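According to TrEMBL, the features are:
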- 12-32: transmembrane segment (TRANSMEM)
- 123-142: transmembrane segment (TRANSMEM)
- 154-174: transmembrane segment (TRANSMEM)
- 196-222: transmembrane segment (TRANSMEM)
């Protein structure tokens, strides 16, 4: 029982640790959603000679109009961007650096409340994961004491389940806010195409590990309680059987002792009074009596 319970505790702690690690990584990174943005090409200059629009210069007649024959998507650049809960970063078309903006400022006014609620839920999700991990660690240390281990196990399961529910709500609300921001956000930010990134996958992997840890903890608690009750029932049954055997032996010993004592008292009284003690018929062997009478007659 101790070995299996310790193995279940180790599994719960491991799953909770991975859930905590994945959630913190996803919360701090900016790759929840990735994609491209379509921006107009800048005007060509001496420093920039490619990926730009060259309108040309007519040195003989400055008033003459020069046309650019680039049409459609040829007039635009497609820069990469990645967005997290806090920040949204995109490539700078003028150099190789990135420009980052607060995603809270990019979200529409109607969605800011839901975005803040998503942020609070995500932080509570991480805090409850920390609490559940601490309780599971204490339960692993106190594995020798079954009662204390069960109490810690129960609290750890409750905190882990609550953290998983908060994490799921936070992830779903963020997805909704991002989809609305894609349609109603600033024109210079709206993505041309986008998809979910590795931070988003890591956030849902954290939720999966959290639910696995909660299920494992509840299973360990239930199985430990069932085993404890079964052992207690077996112990109580063995105690009752032992008491029954002791009581039976006690009454049998005292019954035999009282019967032998009564026979001795009755025999002594009969000898003192000079009367013969009647012998019960059950104790007489008539074959022996007949044999003795035959011997006397001969």
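Here the Cβ of each residue, glycine as well, is placed from N, Cα and C on the backbone.
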Checklist entry - Looking at the stretches 123-142, 154-174, 196-222, which one shares the most CB pairs under 8 Å with the transmembrane segment (12-32)? => result 196-222
Checklist entry - Taking residues 6+ outside the transmembrane segment (154-174), which of them lie with a CB under 8 Å of any CB in it? => result 12, 16, 23, 32, 85, 114-115, 117-119, 121-122, 124-129, 131-132, 135-136, 139, 200, 203-204, 206-207, 210-211, 213-214, 217-218, 221
Checklist entry - Who are the chain neighbours of the transmembrane segment (196-222) in space, where the CB to CB distance is under 8 Å and they lie at least 6 residues beyond its ends? => result 5, 8-9, 11-13, 15-16, 18-23, 25-27, 29-34, 82, 84, 129, 132, 136, 150, 153-154, 156-157, 160-161, 163-164, 167-168, 171
Next on the checklist: Give the nonlocal contacts of the transmembrane segment (123-142) in its own chain as ranges (CB under 8 Å, at least six residues past its ends).
Outcome noted: 6, 9-10, 12-13, 16-17, 19-20, 23-24, 27, 148-149, 152-153, 155-156, 159-160, 162-164, 166-167, 170, 210, 213, 217
